[in-house]
Amino acid sequence: MPRYAEDHERYDDSNRAFLQAFMARSTMTFSEAKPVLAAIFSVRDEEQVSPEDITEDDLQTYIAAANSAISPFDLEIRSILPQIEINNNDPNAPPPPAPERVYALVNTTSDALTQLATTYSADEIAFVKRILDAMFDTYNTRRQEAMVISSMQALQLAKAGAGDANRRESGTQQQQATQGGAAQSLTMTQAETMLKQLLEQGWFEKSRKGYYRLSPRGLMELRGWLVAAYNDEGIRKIKFCAACRDIITAGQRCGDRDCTGRLHDHCMRNFFRMQKSESCPVCKSAWPGDRFVGERAITMSDPAAQRARRSAANAQQAEAGPSTQFTLPEMDVEDEVDGGEEEAGSD
Ligand SMILES: [Zn+2]
Ligand SMILES: [Zn+2]
């Protein structure tokens with residue numbers, strides 16, 4: 001029962017204040033919205049309203065009003081549940097805390113990279129694009145759907161041409177890239193600064209283990225673009241959770257690598273309860289529970305496989321000699337060949 005809903009036939013100063021507060025930050029959760037709305041209501045009602053009095057319905061009412069006001073400007077407040085990774089396979093462990101929904105103001109027409117172009121240079125955008133290619137293509141393979149990159153890998157992409165960018169540019173990006181000729185490399189310092197800014201502005205997140213990944217905001221803004229850039233007929237690099245239908249970049253996968261069954265950690269419990277069996281939502285085979293997508297595809301992969309990879313990498317290094325630049329020992333790039341089929345049609 002929204003206490004204040006009845007007042008909201010029209011868009012007033014309180015709605016404007018809410019939208020302003022929203023625009024002043026890149027994202028907002030219900031907990032963060034409580035003091036904001038309490039302050040707004042206190043002014044409007046000329047009496048002290050406590051943050052504890054704010055309900056989820058109040059927030060929804062204000063978001064709905066804001067959305068009608070901003071839709072003519074191709075803006076929309078959208079939300080996503082952060083993908084909480086549960087690094088614990090103990091079946092008796094207490095259920096993890098429910099993740100708190102994150103709201104963000106998203107441009108509904110232009111892709112997020114186009115928006116970044118108002119702040120960053122073409123070369124900087126090309127660097128971001130190389131990072132996205134690394135996350136969603138190079139390190140998102142059939143064998144290992146990591147969708148994260150280490151700081152070292154990110155910095156190696158400062159060099160234009162590294163990881164190679166230009167094959168699947170969106171239309172706008174292509175224009176920008178060709179307008180000023182090929183993208184130039186960034187210096188290490190420029191790349192470091194850029195990464196820092198992307199973290200501060202809430203596009204990327206850095207995990208405790210030092211991997212960069214797209215933040216909830218980044219995912220909301222880039223969802224459409226990612227699908228357009230990395231999915232094609234028969235190729236589905238960007239996958240969706242079978243329970244909540246939202247994009248999945250951290251969660252669990254079916255035991256069959258060719259099956260598209262994916263579930264967020266926070267969606268799994270309820271989903272299996274409703275389905276009444278712990279089986280893959282797509283192919284119905286038993287759900288393994290220890291096959292991951294996201295960072296854990298690297299950090300929690302089968303130890304035997306990891307050992308084998310490491311010794312193979314060491315052997316290669318030994319053969320090549322110490323001076324040779326080794327690349328990305330942690331990552332499994334052996335089935336990079338399956339990226340080949342996507343390169344068709346580079347107009
Ligand atoms: Zn889900
Ligand atoms: Zn399956």
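Yeah, the Cβs are placed from backbone N, Cα and C, and that goes for glycine too.
According to TrEMBL, the feature compositional bias 'Low complexity' maps to 171-184 (among others).
Summarising the annotation, TrEMBL assigns compositional bias 'Low complexity' to 311-320 (among others).
Per TrEMBL, the feature compositional bias 'Acidic residues' maps to 331-347.
Remote same-chain partners of the domain 'RING-type' (241-284), defined as residues 6 or more beyond its termini with a Cβ less than 8 Å from a stretch Cβ, comprise 80-81, 83-86, 95-96, 98-99, 142-143, 145, 147, 213-214, 219, 223, 226, 291-296. The domain 'RING-type' annotation in TrEMBL covers 241-284.
Annotation source TrEMBL lists region 'Disordered' at 160-184 (among others).
The feature region 'Disordered' is assigned by TrEMBL to 302-347 (among others).
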Residues in the domain 'RING-type' (241-284) grouped by DSSP into helix, strand and remaining coil: 11 helix, 8 strand, 25 coil
Rounded mean pLDDT for the residues that make up the domain 'RING-type' (241-284): 94
